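Pulled from Swiss-Prot:
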| type | residues | note |
| --- | --- | --- |
| BINDING | Gly38, His39, Ser40, Gly41, Ala42, Gly43, Lys44, Ser45 | ATP binding site |
| DOMAIN | 2-241 | domain 'ABC transporter' |
Amino acid sequence: MIQIKNLKKEYRTNNTSNLVLDNINLEIKQGEIFGIIGHSGAGKSSLLRCLNLLEQPTDGSIFIADENITKKNSKQLREFRKKVAMIFQHFNLLSSRNVFENIALPLEIQGIPKSEIKKRVFELLDLVELPNKANAYPQELSGGQKQKVAIARALALNPLVLLSDEATSALDPTSTKQILALLKRLNKELGLTIVLITHEMDVVRKICDRVAIIDKGRIAEMGKTLDVFLNPQAPVTRSFVETSIHTKVPDFIAKKLQDNPYSYDNTYPVVQLTFYGDKGKMPIIAEISRQFNATASIIQANIETIQDQIVGIAICHITGERQDWENALRFLSNQDVNLKVLGYATADNI
């Protein structure tokens, strides 16, 4: 659906230049929700705006539905943009027009007959669950309702792709939840490919199939959302994941850990176990006690939801005779869970 090849974007002013996108390569599949996350200034907005050529790339190519959009002239580009819609953080509704008229605007520009416009607008109002708001003005709507109107307007010409530029950043938590649920439903019902940028990892984990993390104009990491959350590789990815799920070792534990199990007598491993899906039903902690005469004390545990998957994360201190806890670690490493040895500590120090 979308292929980005060797993309670069450089801003030049007088004698200075600023490279904001450097050799970006990625592919977005038809019908998926793809997230792009990064800190402010990382280049994510520039990348999104290149996808409809609101920003002209300095180098590289972009293919959407097998068309190289970077080669299109102005007339071809106007036609192409019907296929790629966009929604924004601040809605961009016209205050002088009511909801019906805001949604109708792109249809009017295309010269669609009024009877067809009326039918299409009310279809869209039903689709975004605002059937009774046709005559309301933007100032009479909540933030979530304004974004629903913006989404309806974006869908007026039946686009193949919807670009979302921080569409939930200005919303309260309840409205954010509603907009994300709407986007997910539109993705499934319409087969709509959605590319969204955000600085909120919570948004990514709730609706994105895959995610790319951008740092200083480059892709630092990319993969399936669940994989990225459970096993982040890049430091910037780990920092984002820690803002969304509790994977960071608490400071009061971290400062007591030793790297070497032989640093002191009677030191025992502190481990992080991550379960997801059916793996969470396995009585692994009980098995450690039953099979190896070792004790697994739970220091911290929490349950998260990532892409409709239940994920459990537990930090445990495994104590017992050295041979027993070593056997327990070997057992854990062979189970269908993620095991990470965080360090070692004495039984009375945790």
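Including glycine, each Cβ sits where the backbone N, Cα and C put it.
Ranking the binding-site residues Ser40, Ser45 by C-beta neighbours within 10 Å puts Ser45 at the top. Highlighted in sequence order, His199, Ile214 have their Cβ within 8 Å of the centre of the Cβ atoms of Gly38, His39, Ser40, Gly41, Ala42, Gly43, Lys44, Ser45, the residues recorded for ATP, and are not part of that set. In sequence order, Lys44, Ile197, His199, Ile213, Ile214, Asp215, Val236 make up the list of same-chain residues 6 or more apart from Gly38 (ATP binding site) whose Cβ falls under 8 Å from its Cβ. When the binding-site residues His39, Lys44 are scored by other C-beta atoms within 10 Å, Lys44 scores highest. Other Cβ atoms within 10 Å of the Cβ of Ala42 (ATP binding site) number 23 in total over all chains.
Cβ neighbour counts within 10 Å, taken over all protein chains shown, single out Gly43 as the most crowded of the binding-site residues Gly41, Gly43.
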